[in-house]
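Just below is one structure, and these are the notes that go with it.
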Amino acid sequence: APRTVLLLLSAALALTETWAGSHSMRYFYTSVSRPGRGEPRFITVGYVDDTQFVRFDSDAASPRMEPRAPWIEQEGPEYWDRETRNMKASAQTDRENLRIALRYYNQSEAGSHTWQTMYGCDMGPDGRLLRGYGQYAYDGKDYIALNEDLSSWTAADTAAQITQRKWEAAREAEQRRAYLEGTCVEWLRRYLENGKETLQRADPPKTHVTHHPISDHEATLRCWALGFYPAEITLTWQRDGEDQTQDTELVETRPEGDRTFQKWAAVVVPSGEEQRYTCHVQHEGLPKPLTLRWEPSSQSTIPIVGIVAGLAVLVVTVAVVAVVAAVMCRRKSSGGKGGSYSQAASSDSAQGSDVSLTA
């Protein structure tokens, strides 16, 4: 009955709601073996868009799926019990995957090894699946991945081809596709609705341009965007109306520590020609794109405190990612979160009923 109610509610949302832009739900699972020191450590983090909302750590005193965002705390005890069971089942499956990988690669059990999975879904403004993901890595290298068609696999090497043949025989891609098109999107809609005050907000960026002389002949113009949410933003420099993409230095979007983000884009320009350059900013929170120039009479002062705070959070984030997913090869696609699809998991779970696959 609860499953039926969820499906009905999801169908109603799909018909009546429109979402500002696309949204994503992603899970990352990481298992790290430690010979002589017990079972592998298993860590899970889940994200909706840029917000972490759940975490599981097998090394905790009492391992449970734990909330990491206020809006997920409204889920009842059954939710947390179910997700905890799924995590424990996934941890066991990934331990087996580590043992299988040792055999496939003819490796010794003496060393430490890592098995990781990333899976999830992107949802379009119409509330339907935009793209699904299912990617696996072993010891920091691509192992096998679900293709964009959600019906076939790409194996990275001959060992992964063994897994590919096994999964093709079991028609695992069909099960994965059903989860991504159904359960994954259904739960993403539910989370977006429950956390709409934070997840569906649009904080516009605070913008300015700074000027940094390099020599008597050149200077750097840096276009700043601070305090925006969601993280997706576009910064471009133009010279006399022509894009300067190839000559632009663009940093990755960085967290500021207050659930907003910052980013900058810089170009080196000939001294005296600064006014020929314009910075163009596009963001969901802006009613229309912004166009900025450097104003010589009022050199912008960089808000050092905010930037330092952002860099501090970036360091912490990188440290966490190093434990959870740093060794997973980055793909050009935006990707979802990973984990193994547990055969024993309840179909009411946000993780789905087929998330943990043995290699």
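Please read every residue number as a count from 1 along the shown chain.
The backbone N, Cα and C atoms fix where each Cβ goes, and this holds for glycine too.
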**Report entry** Per Swiss-Prot, cysteine bonded by disulfide to C121 (from C184, C223)
**Finding:** C184
Query raised in the report: Which whole number is the mean pLDDT over the region 'Alpha-2' (111-202)?
Result: 96
Query raised in the report: Residue counts in helix (H, G, I), strand (E, B) and coil for the region 'Alpha-2' (111-202), per DSSP?
Result: 39 helix, 29 strand, 24 coil
